[in-house]
Amino acid sequence: MLKYALHSGGMPRNRLLRQLSAHIFRRSYSSNIRNIGILAHIDAGKTTTTERMLFYSGKTRSLGEVHRGNTVTDYLTQERERGITICSSAVTFPWRGNRINLLDTPGHIDFTMEVEQSLYAVDGVVVVLDGTAGVEAQTVTVWTQADKHKLPRLAFVNKMDRPDADFDKCVNDLRTKLETQPVCIQYPSKNQDGLLTINDVITLEQLTWQPKDLGRSYSKTKLEPSDDLRQLQEKRNELIDQLSGLDDELADVVISTESFDNVSNALIERALRRATCQQKVVPVLLGSAYKNVGIQRLMDAVNTYLPAPEERNQIYDCFGNEVAGKVFKIVHDKQRGPLTLVRILRGEIKRGMRLICSRGQAEVVSKLYEPLADEYREVGAVQSGDVVICAGLKSTVTGDLLTSSQTALRNAQKRLKQSQGTVSPDEDEELDTDELFGIDRQIPDAVYFCSIEPPSVSSQTAMEQALRQLQREDPSLRVSYDSVTGQTVLGGMGELHMDIIKSRILSEYKIDVDLGPLQIAYKETIESPSLTTLSVEKEIAGSKQNVSLTLEVVKDQGELFSLDKSPENLSNLNTLRPRTLQVIRKGSVSALERGPRVGGQVVDTQIRLHNAIIGRGTADSFVMATAAQCVQKLLSTSGTRLLEPIMALQIVAPSERISGIMADLSRRRALINDVLPKGERNKMILVNAPLAELSGYSSALRTISSGTASMTMQPSGFSGMNAVDESLAERRVQGLE
């Protein structure tokens, strides 16, 4: 094939050789990359696992410990002080001939947006479970996020050195709570010294780590004939049987062989890899990151079972050799300015290259860096499939798609549409990049608001600049200006989120801002349908502006805006230009952002346009303002009810403390869903409670339980309120409570 190509006409031999060499290099380079995320519930040991990977790969010379505050990936002051991950961080390290790009993500629910954006950059994930707790609340959240991105995954059961660890329960949790098909390729055991060892199901070996050299080396021992070996052989046979039902190649061998013992390890691994990449199974491994057990085999599994970049993201093949890169994070460096983390999906990014983001802005890459958390090594170019940090991008935001030019983007869009059979080659239409490539920019609703004030008037500009930079890093941070009070208002995902923002502004920007009291982000919904006509006529700068709109608000959880299709109104609406309808829609929907009672977003409400008469020469801005004014009038007429945010809590405490905790919860308007046994001495309470009643609840729970209880909390939607609670909420918002 190569000989034929070199002697075919139409292209100089040297140029063809260069192109073939570049293509072959890219393919082999890409096949040796693994882009992975590491996900977990808070305190499952995710960051410790990452630090061990860096140490054993030779990337770091000492073990980073969360409790010592010397980790590579948790480099923010707030992360090291609190012992939690707040921002996603990217690290690159070599392992057995491959290059692993790993994204360490937060485990706390307040920073779930960090996880969501990081998953756009990876091809597979490792989900870390606490061996003493199994699948927890945030485990379910991150698993659902991985499902959304269709990511192959491995499960790593950590803390298996602990006496209360339960491997079988963790595996059962994966099967029942996450509705997946776990495949155990390791089982825990103990050596004669009582230390954790691992039995490998595929090789039938016992793996023992050496504590004297910090787990750098481990021995493999073939199990002697015994009950342990017989049980492990049964597990191996079960694994082969399970995989043969999912993989045709393995099934053919099983059918033709006389015994499962004749099925080679390599054949099992290949079948398991195919099943994992197709998301049919989840391989389960185990270890203890803190005790330095099992990490090397976890990295081996990343290489063996998770996909290379070229096996994923085929939708971007439409770019050919042009650049396609997904922006998944932005950080601000004091010396280098904004640094943009990009997953290169196709093509090659070089230093000095000009790029276009999917929103149309032109950018120039001044420098490129290889990621290692907050340390950077400059490089000249980075190939498809890799992760890179770009300096010099000024307008790009998280979620943008970067490409070589607008022409390259348009051509890729059209090729993709043609491959889907939805557009002809010569059709010229405006295409939605986000919709076409499945880019979701949806930002979760804030659950808390508070005002933010600089220490002095002279610090106002610096504070606004700091907020702009933090908002570019963290899309879930909302910043707005309240025209009524004249205050800057922050919206965030929780108390911890807001506290971290204040702390970062002080530590990174040296501005000691003052945050006002936290306000609950209530929503509003209409009590009853209402219809009205608003006619406005004014003369502005000598031009007559004339608008008459008939609008209605109705209860509806679907579209925000619709047209009345009744015969008497349809003829009028058909005369309106699409642009005019869009202007009316934009003005109408904007009025739903601020309800009449507490300024909350109006939800479960649809605006219906019945009639519109617009005078010649009337400006779009005037039409938009009239539509907003009409909807505001309707909301006041119909009246609104308040909806309050509800949180789902999981509380684990000793059995003797449960009654006191439940009594306190009942005073907080909580709905107790279930009380389940949790081990021999503990119970777990599953409860929903209004966020307004949970201010400072962590401290209260510690007091009630004498420090023996633990809690996780995450948003669980909104719920209506009775008249008394509504009145209290209004007084709180007005600052009267």
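Heads up, the Cβ atoms here are built off N, Cα and C, so glycines get one too.
Pulled from Swiss-Prot:
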BINDING   40-47, 104-108, 158-161  GTP binding site
DOMAIN    31-310  domain 'tr-type G'
TRANSIT   1-29  transit peptide
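Positions of the features from Swiss-Prot, shown on the structure.
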{"residue": "A40", "record": "GTP binding site", "DSSP class": "strand"}
{"residue": "K46", "record": "GTP binding site", "DSSP class": "helix"}
{"residue": "T105", "record": "GTP binding site", "DSSP class": "coil"}
{"residue": "M160", "record": "GTP binding site", "DSSP class": "coil"}
